[in-house]
Structure formats: structure tokens, C-alpha cells
Amino acid sequence: MKAFDKEELTIIRKFEHIEHCLKRNVQAHVSNGFEDVHFVHMSLPEIDKDEIDLSVEFLGRKFDYPIMIAGMTGGTKGSQLAGKINKTLAKAAQELNIPMGVGSQRAMIRKPETWESYYVRDVAPDVFLVGNLGAPQFAETMPDRYGIEEALKAVETIQADALAIHMNPLQESVQPEGDTQYRGVLKALAELKAEFPYPIIAKETGAGVSMEVAIRLESIGIDAIDVGGLGGTSWSGVEYYRAKDELGRNLALKFWDWGIKTAISVAEVRYATELPIIATGGMRDGIAMAKALAMGATFAGVALPLLRPAVKGDVEGVIKVLERYIEEIRNTMFLVGARNVEELRKVPLVITGFTREWLEQRIDLPVYLRDRRI
């Protein structure tokens, strides 16, 4: 049997991740918390639905809709599948003028021949594109740790506009071949940010960002946070199906629903920082997306619902899903009397249940609802 090197194993793992997301139920067993967030219906909205403006500004660019296609893949075995997915998503993003990310580029850094699986400029010359590297690769205890050279390579090889640094300690801790080196990551990111000429987005992958972490990230100049909250795809769940033995399966199962729910994470980050927020994590309809926007997010990020049509190369299928979300956001805004996203952040919200209980212990909830969502 052939012995694979670490980079080849990374490429194989990316393929397995796509396969499990498509073929198995890898959703969290708990919600993302937005069922506890309620709009107050306005019987007299005092606006026309067709005057609603869904555009938003982010990192110096204006976008037509407050939705982002979250990074999913790249560098898979053979690379053709990842390339097909990314190009399909990019065509949809280009058509709708919304941003998109690519999956982790670790495979590309070590195996440059996989670069084409991330490259979409030939089909989406204008799309705001976000590259993607993992936080552990910048840790002081990581052999061959990354620095500005690798960060520049990730962005410039694919002509991206920004770089996401994904923080995924949960997934790494339950992954058979996971990288659990995180010592010195914040310092390394501060050093990178000081000389890196592109915006940096700190991104979680399903366990959420707390206000403590958000404050640290803001203090070193990070440009935006993708909260990547609990309630959508569970990467511990994905690793459960990849586990090689009973010990690994048990660990992944126990931590399947670990993390901070997306709604809670949005509230904490908005309360504690001034950073732009991308709300990903179980965003499966436009009403929940509108709630995230009302809570202070700039974008709602979506991944898994777009994967199935993207695997087929079905650009229209991807656009159809996104247009459904867009219409649901627009209709929600009409029913609360919000002409634009800025006004949506000022409409009354009622927070109940577990989400309220959590937030009352963590932040000044009345102050957040009254003053901190803008």
C-alpha cells in the first residue's frame, strides 16, 4: 500500500469532507438560536416592498445583497471536483454581486499544482473573493509555520481580495490527523496584520466566536469576523464518520454539538466590538438571515445548501437557492417596515428562551438591543 505524505493526506481529507457532507446527516443536533429571536410585526409598515434596498458595504466594496457564499472546498483529490464546485459558486456570486470564499488553501501551499481548484477569476472577474488558511499553521509550535509568504501566496495566486484565517480547534481536536497547535496564534496574526496588504477575516467553522476572542481579534487589527456558529454543519460530526477507531468516534460524538450558537455569537461580537460580522452557522432561510442582520451582522453566510447544486455544476440551481433567501429577507424587511439593512438594525427585537438566558449572563442585553446593533 502506498504511504501518503501529509500534504497528500490533506487533499484526500478534503474529498472525504465533501463526500460526508453530501451523503450523511452532519448537522448539529441543536439549533443556531434564531428561533429565540423575534421580530415585531408592523401592520402599517409605511413602505412599499419594491423600494426595499438590500445592498450593503463591506471592506470598501458595495454588494447587492447581504449574503455571502462561505468557503467550502479546494485542493481535493484530483482537484476537478473542487474546481467545479468553486467555479459554479463563483458564477452565481458574479451574477448576484455577492462575495464568496474558497475552502482551506493548505493543500495549495504545499501542493502548488492544486491551485486551479481555487481559481475562479476566469469565470468571475469581479467577485469579491476571500482566500483561506488555517490558524494552527501560524502557531509558534507548528513545524514549518506559516508567515506572510504563505499568506501572500494564498491571496495572490488566486487573485483574491482578502484572506480568511479559520479558527477550528474543535475540528482539529477530534480529527485523527488534526493539528492542535494553537500557542502563539494571536501574536502571529498580529505580526501578519502589521505588514499584510490585504484585509484579514477571522473565521470560525461551527463552534462560534465569543466576545472575549472577538475583543482580542479587534485589538490586533483584524478587519472582520465570521462567527461560524453552532447550529449548522457539525465538523465534529463529519469527523465522527471519518474516525478510525472507537475512541475517535466517541470523542467526535461527545463534541458533536459543542460551541456557541450562531445567534448568541453574533450578539456577543456585536456587543463587544465594532467589527463587521458575517453570520454563518445553520443559515437555512431568509427569515433567520434577516434576524442576523437585525442583530448587527453585515452578511449572512451560507454553505451546505449550495453544495448539492454546485457539485452538479448547476449555476442556476445555486442562484435559485440564493434568490429564495433574498426574497425571504426582503419580505421580512417589508413586514417590519425596514427600507434598508441600516433600518433593519433599528427595528424592535424580542429575545426569549435559551438565547435570552445566555445573553443576560454575558452582556447588558437592554443596552445591546437599544444601542449596540447599529
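Backbone N, Cα and C define each Cβ position, glycine as well.
Not measured: the values here are computed from a predicted model.
Some features that Swiss-Prot has for this protein:
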- R13, K14, S104, Q105, R106, Q171: substrate binding site (BINDING)
- G71, M72, T73, S104, N132, K203, T233, G282, M283, R284, A303, L304: FMN binding site (BINDING)
- E172: Mg(2+) binding site (BINDING)
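The sparsest Cβ neighbourhood within 10 Å, among the listed binding-site residues (Q105, Q171), is found at Q171. Considering other CB atoms within 10 Å as the measure, the emptiest surroundings among the binding-site residues T73, S104, T233 are those of T233.
Under the DSSP three-state reduction, N132 (FMN binding site) is assigned to strand. Spacing of E172 (Mg(2+) binding site) relative to N132 (FMN binding site) is 16 Å (Cα to Cα, whole number). In three-state terms derived from DSSP, A303 (FMN binding site) belongs to neither a helical nor a strand segment and is classed as coil. DSSP gives Q171 (substrate binding site) a helix state.
Same-chain residues at least 6 positions away in sequence with a Cβ under 8 Å from that of N132 (FMN binding site) are, in sequence order, G71, G74, G101, V102, G103, S104, Q105, A154, L163, A164, H166, K203. When other Cβ atoms within 10 Å of the Cβ of E172 (Mg(2+) binding site) are tallied across all protein chains shown, the result is 20. Look at the binding-site residues M283, A303 and count other Cβ atoms within 10 Å of each Cβ; A303 has the fewest.
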